[in-house]
């Protein structure tokens, strides 16, 4: 019976992670709220690594063609200086640059964030901040595409991503808001945001992979972890595909409304 409880518990959290990771409502914030509301407590740091890895796998699957093209053209530009591969080469460079702020800030301030910025009230405040950002860009229609990006754009979007280390600040929301305020087209902002998710997640996974082996709960939670991984992967794939359709229709304001409602309810009742 206890094993069934653990499986159900991690299934719920995995579905939460998968649903909220791609869309701009903060997966980390919703995991904090889910644990609080359902009386759940995650045993061990491995769970966070596990579900992030599952979401990463789903993003890799969806953007596989972009990744293949970027890799091919990036190498082509390095060895042949082919002009038609130049924009993809620099797109990769800008992704690397945009990864740095979150990596540096995460390493330097991880303990502070864990101790002071992961409370339920902080999640409520951060969700309201996310809502404001999404509302501001609700009607923006940029003109800049992949080939128009610059180092300044990469740094600004990277700093926006670093803000999402705070639960309640959506990573996809923060990066898309920053990108669209810089004049990027919606599809360019979306692609840059989720391709940027890949190196950040890989970096975090590689830096913390030993924590999985050291997790004292791994033996008892192996099956629940696998259930959570599968649930997160499937839900992330579905959720990201759905979000891409929402972006194409310009309906980001609904996510703003949602974040306002959840943020206010969190501050009032939790």
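Cβ from N, Cα, C; glycine included.
The transmembrane segment annotation in Swiss-Prot falls on one of the ranges 157-177, 220-240, namely 220-240.
Same-chain residues lying 6 or more positions outside the transmembrane segment (250-270) and placing a CB less than 8 Å from one of its CB atoms are 23-26, 33, 36-37, 120-121, 123-128, 130-132, 134-135, 137-139, 141, 168, 170, 173, 176, 186. Here the transmembrane segment (220-240) has long-range neighbours at 3, 6-7, 9-11, 13-15, 17-23, 43-44, 46-47, 50-51, 53-55, 57-59, 61-62, 194, meaning same-chain residues at least 6 beyond its ends whose C-beta is under 8 angstroms from one of its own.
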